[in-house]
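> Okay, so TrEMBL annotates it like this:
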- A:21-44: transmembrane segment (TRANSMEM)
- A:23-422: domain 'Oligosaccharyl transferase STT3 N-terminal' (DOMAIN)
- A:88-108: transmembrane segment (TRANSMEM)
- A:120-140: transmembrane segment (TRANSMEM)
- A:146-163: transmembrane segment (TRANSMEM)
- A:175-191: transmembrane segment (TRANSMEM)
- A:197-220: transmembrane segment (TRANSMEM)
- A:241-261: transmembrane segment (TRANSMEM)
- A:273-291: transmembrane segment (TRANSMEM)
- A:303-324: transmembrane segment (TRANSMEM)
- A:365-384: transmembrane segment (TRANSMEM)
- A:391-409: transmembrane segment (TRANSMEM)
- A:415-435: transmembrane segment (TRANSMEM)
- A:462-484: region 'Disordered' (REGION)
- A:462-475: compositional bias 'Low complexity' (COMPBIAS)
- A:575-626: domain 'STT3/PglB/AglB core' (DOMAIN)
- A:762-781: region 'Disordered' (REGION)
- A:765-781: compositional bias 'Basic residues' (COMPBIAS)
Amino acid sequence: MAVAYSLPSDVSPATVTNTRSLLRIIALALISGAAIASRLFAVINFESIIHEFDPWFNYRATRVLASEGFYEFWNWFDPTAWYPLGRVVGGTIYPGLMATSGVIYNVLHALHLPVDIRNICVLLAPGFSALTAWSTYMFTKEMKDESAGLLAAAFIGIVPGYISRSVAGSYDNEAIAIFLLMFTFFCWIKALKTGSALFGTLAALFYFYMVAAWGGYAFITNMIPLHSLALILMGRYSSRLYVAYSSWYAIGTLASMQVPFVGFQPVRTSEHMAALGVFGLLQIVAFAELVRTHVSSKQFQSLLYASVIGMGILGAGAIIGLTYKGWIAPWTGRFYSLWDTGYAKIHIPIIASVSEHQPTAWPSFFMDLHSLVFLFPAGVVMCFRQLRDEHVFVIIYAVVASYFAGVMVRLMLTLTPVVCVAAAIAFSSLLDTYIEPTEPDVADDSSGKIAETAPAVDAASSGSSTAVSASSSTAKKTKKAPTAPPSVSAVAAAMTPSKKGEKPRGIFGLDTRFIVLLNAVGMLLFFVLHCTWVTSTAYSSPSVVLASQNPDGSQHIIDDFREAYYWLRQNTPENSVVMSWWDYGYQIAGMADRATLVDNNTWNNTHIATVGKAMSSSEEVAYPILRKHDVDYVLIIFGGLLGYSGDDINKFLWMVRIAQGVWPDEIQEPNYFTPKGEYKVDDMASPTMKNSLMYKMSYYRFPELFGTSQAIDRVRGQQIPKAGTTLDYLDEAFTSENWIVRIYQVKKEDILGRDLKSANAFAQGKKRKRTKPPVRRKATV
Amino acid sequence: MLLLAVLAACLLPLCLASSDSDYAKLKQLAAAGNGLIKLDEHSYNILTAPNRNWSATVQFTALDNKRRCTPCRDFDPSFNTVAKAWSTVPAPERDSHFFGTLDFDNGMATFQKLGIQSAPIVRIFPATDGPRRPASGVTTPISYDLTYGYEPGPLAEQLSKYTPVPIPYKAPFDWGRVGTFAAAALVLVTTLRFISPVLRSRWTWAIGTVLTCLVMTSGHMFVRIRGMPMSGPNGQWIAPGFQNQFGQEVQVVAMMYGLLALAFFMLTTVIPYQTSPQRQRVQVYLWSFVIFIMFSVLVSCFRVKNRGYPFRLFL
């Protein structure tokens, strides 16, 4: 057989194997390095700081864990959150993340490495991303081979879809959860392939870790049963499946019930019923198989089949019946809203209000996955070509995850691993085909020598050492093709699952190889450039600190949030209560150390609606609410001066909606729109809007800033009326440098017993009789 | 708003005069219209008279074809169904709440007075007099929030808050759907013999899987959930903005992804089986070229969506 280029033939097989494993280790080490390094943009561009919102709570909890020990942390009751209700922290969190950092902290301190707990928290996500790359390598290795595994590891190491949730400082559950997800799946595949109870148990243990770490564990809880069910339906039941599933389910479920926040959910809620149902079905099928091997009578077997189906239906009916009776809780709203996409908006606005729960438009997919997004279907098709048991898993994963990612931006995170795996399978098949030096024979079918040395070929430079040789085995025996139109027969040959020695396959010539490989390597380079650009510009902002550019191109840091939080910490009594919208609850608790009414753990809708009502009603209505909740300060975010679009006026409609859900008589969303149905803050704004506490606080004294010229809100691009708003029940306490954070102090009741409005009017009328016309608005309500 | 309504009513002293005869007239109109009053200027003023002891739900719409209001025509049947459902309520309750439709062409002046610029709009006028006057004393019209959707179900549910008894609306049993289902199942069972090879073929499933993945990653769910139109108002098919897209983009982007995936599939699995070197070479160059061009097109599309994107290929 001809070869397109010759390979050194004097290398011993042992050398080849050793070189291969050395290259593999080096490649993995480099991938880990790249994965960690690319996540450090956030630290380099800004500083070592905890990002966003939820991480601030995790950080605070971890600090408690590190300083006071695990038992204190476990029994921690936080009286400052959800004032005046308080929060039992130990029973309402997934403790996996904090426990992980706590262990790392204690180990490092035992080794006399005095690392600050903050740095551990900041760098935890990059560290675990290296582990994710490794577990993806292991997973993909089971799907195809090591070279595909290395490619998959390289992809997931730098793909923005995963970096978006795991940059340094993004100290959130997802930081460790994706590693656990991939490793649990790897253990499951391994258990399924080998029928080993050991790997089944390992899968269960990592499942337990996952349950302890992230609410998204329900994804595993349903993926593995779905895979098993598909295998049973395909007639691929085997004792390996039985052992793997039973060991995973029994141990995994018992273990997961040890997490207090999960408790008895695995046997009481619908999310977990699929796993239980498949477990039952598997027992029935196993029993039937057992009987079948021992009984020969044909009638008995058909009877058996009928009874298996009957029992399956009976079991399903029992689960449904129990759900109706209320023994099994129906799907929770969060889960249900994935299927019925209009559900959340109507019934649970608080879920619909979160920006990461919005559906995903295609640019987000391309931004997060780049070229992998179209390699992914090609990889899925290649899984169909072989269709071993583990390929079924990738296929199901691909369908389910791409649907979920389409429904919610946030679930892009679960899609990313399977995209990397499938794309790596496709890409490495391409490289295998075009690097393989053997050329098929055109005319004669003499069985030539196979290039045994093919594995020596590699492209280690791109992190993709391509050890071939699935293809060489198929090219081994060559037989004359039947006479058919060549292209048709080629497609047909590709479609039929590869059996040994069916048709010759291979590439002729060097130029063809060259052009394809050039194209491929170019695409990889572009991918790397894209990932670096996206990571450095889009995903590395801490959102606590904002950055803008000066006219000369240098970076200008906007640090309003911390300025305001530190002001609160240093200038207010320690027991004061701060009211803000729930987004900022964790940050206030973490940075300002003050009690908050509501925070990002949105467990009590009524409490949030109360805050929403206070913000969206007039001062007179809001004041009693504020006083009853002991609120001393009200904190709002206002972006109008700077053009910061994530401010409270833009979130205001959600406050209205959530409040409306609880008080439909008092708060009505249409009242906040102009008669034309527009959302305006200028002269045209509806009276309800103009009188709402949020509007007044946002634009209080705002026009004064512009002197004689017209005040313009830069976010909404609207002109703010010159007259400005007046506040009678609140005092402006602090406004940050760029006006992003504004803090108001709630006045105490008037000492003379007047209502504050008339007291104010009296005071003002006395002072400024001549400069100002008498009070424009009398207390009419 | 209230001011305008009052003003409008004051201009027509007629309706203040004889409330009883007006009420009888409204009842008669409602009975004639199957629970729904087709309003004009005059009857609208009667219905929303300032001293009414009844409440009313009024739909402001523009159904005429020349007004080109598609949402109006979408919403109208739902409103009519709910009004009809209301007409089945026992007479005492039924006659204390009315449903009316005011078309733009019948009540231009009213539309102008109320400053209504868009349609459809549903407003609920609470009773201002008598036992059904709201306890809070707020009698300004309440706008129904159309973000609940145009379906009769949520409309009835929301309106029931303002009617004396809940609107007895039940979603009609969807015989068409059940019939289609049954027919499909029947066809499936009868042809199972013939189509089972198709169903059992892995490539049927492969095509289904790949199509699902392609469509989902092209933002199909975004278009469905947000109810995005197929294309923009002036024929543009790319929606401006990063987190935004039209229905047509799903098709175009899915096709590009599909073509690129196909090119990779051809290069990897089909072309190696080609036995003629010349033919194979042509195909390799062809598909490589396809990848290059399609990828360039894709990147340039992405540049349109994301203005700050610094990279480009040949386009």
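Numbering starts at 1 and runs along the chain as it is shown here.
Including glycine, each Cβ sits where the backbone N, Cα and C put it.
For each feature listed, report its degree of burial, its nearest neighbours and the pertinent distances within the displayed model.
Listed as Cβ neighbours of the transmembrane segment (A:21-44) (distance under 8 Å, sequence separation of 6 or more from its ends, same chain) are residues 51, 122, 125-127, 129-130, 132-134, 137, 146, 150, 153-154, 156-158, 163, 166-170, 458, 460, 463-465, 531-532, 535-536, 540-542.
Residues 28, 31-33, 35-36, 39-40, 43, 48-50, 55, 58-59, 62, 97, 100-101, 104-105, 108, 146, 148-157, 162-163, 165-172, 175-176, 178-179, 182-183, 185-186, 189, 417, 420-421, 424-425 of the same chain, all 6+ positions outside the transmembrane segment (A:120-140), place their C-beta atoms under 8 angstroms from a C-beta of that stretch.
Below 8 angstroms of C-beta separation, residues 20, 24, 27-28, 31-32, 34-35, 38-39, 129-130, 132-134, 136-140, 178, 367-370, 372, 412-413, 415-417, 419-421, 423-425, 427-429, 431-432, 463-468, 527-528, 530-532, 534-535, 538-539 of the same chain, each at least six residues beyond the ends of the transmembrane segment (A:146-163), sit close to that stretch.
Beyond the transmembrane segment (A:175-191), the same-chain residues lying 6 or more positions past its ends with a Cβ under 8 Å from any Cβ of the stretch are 96-97, 100, 124-125, 128-129, 131-132, 135-136, 138-139, 142-143, 162, 165-166, 197-200, 202-203, 206-207, 209-210, 213-214, 216-217, 219-220, 223-224, 227, 240, 243-244, 247-248, 390, 393, 397, 413-414, 416-417.
For the transmembrane segment (A:197-220), same-chain residues at least 6 beyond its ends with a Cβ under 8 Å from one of its own Cβ atoms are 94-97, 99-100, 173-174, 176-177, 180-181, 183-185, 187-188, 190-191, 243-252, 255-256, 258-259, 262, 271-272, 335, 414.
Residues 270, 273, 276-277, 280-281, 284-285, 288, 291-292, 295, 330 of the same chain lie 6+ residues outside the transmembrane segment (A:303-324) yet bring a C-beta within less than 8 angstroms of a C-beta in it.
With a cut-off of 8 Å between Cβ atoms, the residues of this chain six or more beyond the transmembrane segment (A:365-384) that come close are 143, 155, 159-161, 164, 391, 394-395, 398, 405, 412, 416, 418-427, 429, 523, 526-527, 530-531, 534, 538.
Residues 143, 185, 188-189, 223, 226-227, 230-231, 234, 236, 338, 341, 355-360, 364-365, 376, 379-380, 383-384, 415, 418-419, 421-422, 425 of the same chain sit 6 or more residues outside the transmembrane segment (A:391-409) yet have a Cβ under 8 Å from a Cβ within it.
Counting residues 6+ beyond its ends, the transmembrane segment (A:415-435) has Cβ neighbours under 8 Å at 132, 136, 139-140, 143-145, 147-149, 151-152, 155-156, 159, 161-162, 178, 181-182, 368-369, 371-373, 375-380, 382-383, 394, 397-398, 401-402, 404-405, 457, 459, 464, 466, 468-471, 507, 512-513, 516-517, 520 in the same chain.
If you average pLDDT over the domain 'STT3/PglB/AglB core' (A:575-626) in this model, you get 90.
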> Going by DSSP assignments with H, G and I as helix and E and B as strand, what are the residue counts for the domain 'STT3/PglB/AglB core' (A:575-626)?
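Final tally across the stretch: 31 helix, 6 strand, 15 coil.
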